[in-house]
Amino acid sequence: MSENQESLAKLGHENRLFPPSAEFIAQANAQASMYDEAEKDRLAFWEKQAHELQWDAPWTTVLDWKVPFAKWFVGGKINASVNALDRHVAQGRGDRVAFFFEGEPGDTRTITYAQLLTEVKKTANALTELGIKDGDRVAIYMPMIPEAAIAMLACARIGAPHSVVFGGFSADALLSRIQDADAKLVITADGGYRKGAPFALKPAVDDALKGKTNVKNVLVVKRTGQETHWDSNKDVWWHDIVDRQSTEHVAQSFDSEHPLFILYTSGTTAKPKGISHTTGGYLTQVAYTHKMVFDIKPETDVYWCTADVGWVTGHSYVVYGPLINGATQVMYEGTPDTPHKGRIFELIAKYKVSILYTAPTLIRTWMKWGDEFPNAHNLKSLRLLGSVGEPINPEAWMWYREVIGGDRCPIVDTWWQTETGAIMISPLPGVTHTKPGSAMRPLPGISGKVVDDNGKEVGLGHGGYLILDKPWPSMLRGIWGEEERYKETYWSRFDGVYFAGDGAKIDTDAAIWLLGRVDDVMNVSGHRISTTEVESALVSHAAVAEAAVVGAADEMTGQGIVAFVILRGGIPNVCGEELIKELRAHVAKEIGAIAKPRQIVVVQELPKTRSGKIMRRLLKDVAENRAVGDSTTLADPNVMALISQGLSTAKDED
Ligand code: PRX
């Protein structure tokens, strides 16, 4: 943890403290007493949160915990879609806006809870007509349009676990996820809009389905109207089948532990993990955290989480949490700089957004673009700001607070993961005195600690590993189809406690500072990508013999991917730039554009120990332009000098 130690030293000086205003405190949803209440009787606390939902049958046991397998609210029956929609309509909130949708080209749709419910019911009927039953897996590969949320809720309504695959992933990545979950149906769109132009999605689905799958149908939303290859045996237009369905649909109740979704995420190996979540506990914790952390007042707030539904943030804080709480949201399809760099701010002003939840990488990008863009718009409607996905550096935190939040909005820096399902560590606005860059402390009901190599809690002022030592309702229930991998990945580093993979420091005020991953997972713009995954992609190219990938600190994206490759014998590196371009495109094809290395350096040798293990630590030193650390265990001590030379001549690409 040498890098962590360095960060610790830097953080030693942060003593700015931002208490909530008296005005905010007076109206806050969360109270300080919740910490004591949860501490006194954790299970009773979670039971109370679960009672906020509508259950069709009560649970008999709050928690059944056989390490590392948890069941929450055992015996309870519930339907996710009913909680997100029917309940609001039945209680007279049908006319409330659920989504203000803004397409990138500027087209808009306003969808009320009643309208959303009708669409979800019709879609549920269409899925049933297509032969989808409870337990069947459905892959969703969509742009950020209302139908993405509708598709997820329709799946949940009929008990078919969804597996949303981010629209930026490649056909190969989509295929491996379809195969792993053995999906029967793919829901997609002809395409979407991004960076001022339509992009296509359906061709990637067609490509993926050339592989061996059990997919019977592809349900396609017409978004762009672009020409789309059609196989009438398999492909079904959304408007053809959904529009003619009955608007009635009686939702069935499912067991609290019924699988709700699978979401793939990168780990330390090349194969993504199918993180499995179930229903009752997940919904309880996303609703609770959404209400308390974002202080949501559904009658008056306009909430905007900028995440795509392809990531867990889109699942928990666009679809399930906010809709269960009856929130009014903004959903935006496109990129933040289309058609101009003020687009997000223009939308905040247009919809009078009061709560904004976004990622540090975007905040840093805004900082780079300049204050004139936010300053050109009226952002006075904002009253709370959130951050997620990676550590937020104190400078970016301060800028977010001052320039976007007008120095009046509390910031909630929320730490969590695909695996945790919901926010775990975060300030409670109205309670917590925040420090710029710290996620502060575990939420009421959550137990997280910083421990040393032996799993022993470190004292205040020290760094170590972040662990979660008590089960929580929205925790992953496993890795799809890989029980051993589940135990090995999360529960073996420290016996019987969950190890998240992050380094952390707990300061003298017991505030937690996240320090990034301690394993071979990179965090690029808040997205997890494994070094091994990119290495495998590179080695699958005919020209590459060996590859080593590291995440190097990057001012904008948190980390940038730097790859060191050895070419196969006989491949001349004459047309260097051409080849590097090709390799980057190859990684994009294998995984997706987000995994394209920032830099690829062709080397003759990689630094290896005598036992043949690549010393990535040294490569990281080179990639971050640092003096190379201790290399005495290298088999060939000259290798590093050669590599450093190679890097200084390599060029940065887009
Ligand atoms: O390293 C942590 C980082 O993102 C990882 C989880 O990534 P993912 O499963 O894709 O979920 C991202 C959205 C919840 C964590 O292991 N991370 C997430 N939030 C923070 C963070 N690091 C520091 N501070 C955060 N607030």
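Cβ from N, Cα, C; glycine included.
All annotation found in TrEMBL is predicted automatically rather than curated by experts.
Remember, predicted model here, so these are calculated numbers, not experimental data.
Among the features that TrEMBL reports, domain 'Acetyl-coenzyme A synthetase N-terminal' is placed at 33-84. Taken from TrEMBL, the feature domain 'AMP-dependent synthetase/ligase' covers 88-480. According to TrEMBL, the feature ATP binding site maps to Gly389, Glu390, Pro391, Asp413, Thr414, Trp415, Trp416, Gln417, Thr418, Asp502, Arg517, Arg528. The feature domain 'AMP-binding enzyme C-terminal' is assigned by TrEMBL to 533-613. According to TrEMBL, the feature Mg(2+) binding site maps to Val539, His541, Val544. Annotation source TrEMBL lists N6-acetyllysine at Lys613.
Structural mapping of features recorded in TrEMBL.
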residue : record              : Cβ contacts under 8 Å, 6 or more apart
Gly389  : ATP binding site    : Thr313, Ala359, Pro360, Thr361, Asn523, Ser525, Gly526, His527
Pro391  : ATP binding site    : Pro360, Gly437, Trp513, Leu514, Leu515, Gly516, Gly558
Thr414  : ATP binding site    : Val293, Tyr357, Gly386, Ser387, Val388, Ile423, Ile425, Ser426, Ala439
Trp416  : ATP binding site    : Val388, Ala422, Ile423, Met424, Ile425
Thr418  : ATP binding site    : Leu263, Thr265, Ile275, Trp311, Val312, Leu476, Arg528
Arg517  : ATP binding site    : Gly501, Asp502, Gly503, Asn523, Gly551
Val539  : Mg(2+) binding site : Ala545, Glu546, Ala547
His541  : Mg(2+) binding site : Glu582, Leu583, His586
Val544  : Mg(2+) binding site : Leu538, Val565, Ile566, Leu567, Arg568, Leu583
Lys613  : N6-acetyllysine     : none
If the criterion is a C-beta within less than 6 angstroms of any ligand 1 atom, which of the binding-site residues Arg517, Val539, His541, Val544 pass it? List them in sequence order.
Arg517
I'd like the per-state residue tally for the domain 'Acetyl-coenzyme A synthetase N-terminal' (33-84) from DSSP, helix first, then strand, then coil.
22 helix, 15 strand, 15 coil
Taking 8 Å from the centroid of the Cβ atoms of Val539, His541, Val544 as the cut-off, which other residues in that chain fall inside it around the Mg(2+) site?
Ala537, Leu538, Ser540, Ala542, Ala543, Ala545, Ala547, Val565, Leu583, His586
DSSP-derived class (H/G/I helix, E/B strand, else coil) of Arg517 (ATP binding site):
strand
Secondary structure at Val539 (Mg(2+) binding site) (DSSP, helix/strand/coil)?
helix
When the pLDDT values for the domain 'Acetyl-coenzyme A synthetase N-terminal' (33-84) are averaged, what is the result?
98
Looking only at the domain 'AMP-binding enzyme C-terminal' (533-613), how are its residues distributed among DSSP helix, strand and coil?
25 helix, 28 strand, 28 coil
Please give the greatest C-alpha separation between any two of the ATP-binding residues Gly389, Glu390, Pro391, Asp413, Thr414, Trp415, Trp416, Gln417, Thr418, Asp502, Arg517, Arg528, in angstrom, as a whole number.
18
